[in-house]
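Chemist: Structure below; questions to follow.
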């Protein structure tokens, strides 16, 4: 390497641009986090450190609304992620451990469909669909829509993981007279766990964060956290929204960190 | 895996429980944003042991769009403005309130008991009434503000600092007043001129927003904002140096009404809620919160005395006439829809 | 997010060959009913007659597409001339999304390159740092950006305080704000695929070029860039496609004044317009555009794959 006339790996300005990139990514979130500790009711002036807006989120006049929205969000995210992960695990088994077959490409296309169709289009299509079949909009419509678009997100890490596991393990089990079901539940599934956990967390976060589709298919008075926040933000950014946002940021970071270390331990 | 399974079962159980809890004693309200005090809803909920869910919209047109987009049968009551009551009744979206079904119907102020948009109050009761005009930040502009030129042909210091309501009815009615033409004109020259005028005026506008109409004035993001009188009074109360204009060309007046929706899942509770809002004390609480007038006899006694004297509710001598928004026939309406789309493109 | 996301993906044995139909059945059923059928239904809706003030009448018509492409005057009775209103909205969306993509590339490429040239041990940490913001709700990120760009917001305060600007700049409610918002929303999508490509890049190629007296920037342009091109293209698509249909950034940062495709579609269902067939038609046109882009991409990938072999 030393024979090169210059270090081929570094370019002037790249470090600065990387710093700029991180600044752009983090600065708005940090500013909001800082202002969530502002004692003032105005978002413009800084009047000293206070936790009042965090208290406000839990006990203030809007707390009931946000608590209900948070409960809805978590119930929907847990359920959607679980169902989507189960479906995706089965699909991955067929796709990766099912040999080559004619419908394979088509199935792959179907699984990637929610990723390819722009979100606003999915939202419109789902609304039209529920409306045409006369399915009353409510929590259930949100849940169904979320399951659909969570499947590919759960599928990605699961299938990636399964590709990395050689089938010799199951073959060995089968040679030892295990049934295919046993080979699946006792050998393959435990080996796949890190992938399944990543897939589950990914689907969970995606569901928790969704706004556009939820906004189209939600029923009367059913709010999730994003729709409740959107409703509140439309009328102006208030400090209690900043507090909620900061808590969600913290929650997301914890989730991603957990999933990162689950993945790392595995390597 | 077992844990995941367990949490799913728990979640489904919660979901089912949530559904069951809502099944009895419920009332679903579809309402304007920031327009009813939470305490009043709590009071009704406590008095009648019902659980209230409320969704909000930000324009009459959005209310209609959403109801026609399959939301019928999910809400019990909504709060459309005058012209929208007429449209919704025409669309068959409203249920008829039977004779004697509202025990407080007699409380409706005589002035509002038989309005043109709902003769005999067969579908609705008065909620709040007020005007729509605009406010100007007096720190930025000191000249005469009582003219629609402020919105459509603004002086240089206000250009680019104007927020319009994201509401077709209000913007186009105001524009018609500015031009001095009827609201449902079929005269091609007038319509073309209206379209040209709006395209020109758009250059001076910063944004279309209804729900942030107050915030942008308070924060100083804009210097002029089209706004409802009571919402404007709140902006002033929050410390903005803004003044409500009563243009000599005229301004929009409106009345919002609580309507009984067809296929209301909780019709009984909806009627109870209407009766509740016809109690002078209760509707006055709305007025005190939203800063608009009420249409119920005797509500004045319970109102904040400042309401009667607030500048937003008291047009000066010079003010033009207040006009209601009119309902055009389909062919005419489609031309106005095109003008609006071209404006927002 | 789009395209090769689910990847070609090789198989790994055929242990569960017999069960594959059953294993795939839940996926087929769920996604067919909840995605495929709705999209086809939307196609049908785009050919239905709109009902005055929202809803549809089940009568076949081209009216929605006619409205999109044909300007028939204010009164709707002139012969068809090209309707620029919606084409302009689409053009504006393409342009805004394009600028956001270029901006992401300018910042994202050096970042990706820098990360990929760190010691292997710390690389995952850098990647982790880039991905964290993506996991924060897009709505919250857009709101934060709105707060940053306000007339009396932190950015303007900083600009005035540091003397870079004399007076606060009008940033919120402008096209610039929308571009910044889009760029900010999808920046990690640009960095990650490029990073993956640079990481696989064989740096001895650069050294060879340097030995042959190629300058630093020539090496980057002629050797590195072609080698990592698939990653760059993937990054551009991952930023461009979601930007194209974005709804939050134009609504919250652009003042809902200069429509983009997403806001146009939303308005047909939730806003003033209430024209369902038109909203469905606009959605179909957006979807076709995205699918064409993805198909070109897939073909390129296939060709690139062919060359490698």
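The backbone N, Cα and C atoms fix where each Cβ goes, and this holds for glycine too.
So TrEMBL says this about it:
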DOMAIN    A:70-259  domain 'ABC transmembrane type-1'
TRANSMEM  A:12-37  transmembrane segment
TRANSMEM  A:74-96  transmembrane segment
TRANSMEM  A:108-133  transmembrane segment
TRANSMEM  A:139-158  transmembrane segment
TRANSMEM  A:187-208  transmembrane segment
TRANSMEM  A:241-262  transmembrane segment
Chemist: Please figure out which one of A:74-96, A:139-158, A:241-262 racks up the most CB pairs under 8 Å against the transmembrane segment (A:12-37).
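Modeler: Per the Cβ under 8 Å count, A:241-262.
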Chemist: Quick test of the contact rule: Cβ under 8 Å, at least six residues beyond the ends. What residues does that give for the transmembrane segment (A:74-96)?
Modeler: 104, 107-108, 111, 139, 142-143, 146-147, 150-155, 158-159, 162-163, 184, 188-189, 192, 196, 199-201, 203-205, 207-208, 224
Chemist: Report, as numbers and ranges, which residues of the same chain sit near the transmembrane segment (A:241-262): CB under 8 Å and 6 or more residues beyond its ends.
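Modeler: Apart from its flanks, the transmembrane segment (A:241-262) reaches 29, 32-33, 35-36, 43, 53-54, 56-57, 66, 194, 197-198, 201-202, 204-205, 225, 229, 232-233.
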Chemist: Quickly jot the same-chain residues contacting the transmembrane segment (A:139-158) by Cβ under 8 Å, restricted to those at least six beyond its ends, or write none.
Modeler: 72, 75-77, 79-81, 83-85, 87-89, 91-92, 111-115, 119, 122, 126, 130, 192, 195-196, 198-200, 202-203, 206-207, 210, 213-214, 217-219, 222, 224
